[in-house]
């Protein structure tokens, strides 16, 4: 039976209780504040602030708090660089790419912090732990602003090759700081053949072999760290753009983005959209025709 112990914030505990309030059950243990009987798991929340999750579904419910099940592979237990990007699927905001260097002796610290793939963490949790990661973990962060993104897309780069360039540059600059990884993992966004094709266009190169792996953020803590820091960088950029324009900019590329894009186009013209959005997205044409 799986057993996981966590020490999340009181705010996260209350959010968990609110989400699963129908599963609350009585407990005779005086040290247990709350006890929940969930499908395939029980959750004991102690007066000390610790949480004990037990059962086959323990990992699923622990992920609510940012817990990440780490695969114990030989690669995971090596000092390695992992990279990830955030923003490529969002109309508004820039493109953030981060490379992080993590050693095995940092794994316990990262797990206790609740590091997981940024896609499973709330934005609030990401903003909370990202500053700690930036201070404790060697990394290289790059942000391509929307205006710079629009400048290079269609000229020298496309939506895939620009990511190849940023991942390569982030790794290159991190290696220049003297880190010595035994493995470099990129959260795969294209095939290895495509990556190598576009990499040939780049000036800054390194001899270390790289591995492109799908869902790498769930396998390697270094990639998970990069995912969190990149998400934080993207959110920070989005907030800065919002302050500049006076509009709330949604993440993603759905109908909410269409509506705001139309408003910005009316207020500032194409110059305004160029400042805050990736113009090659279909949202731009929808805004023009609104």
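The backbone N, Cα and C atoms fix where each Cβ goes, and this holds for glycine too.
Going through 12, 155, 187, 196 against Swiss-Prot, the one listed in the divalent metal cation site together with 84, 85 turns out to be 187. For the binding-site residues 84, 85, 187, counting C-beta atoms within 10 A of each C-beta gives the highest total at 84. The average pLDDT the prediction assigns to the domain 'RNase H type-2' (78-290) is 94.
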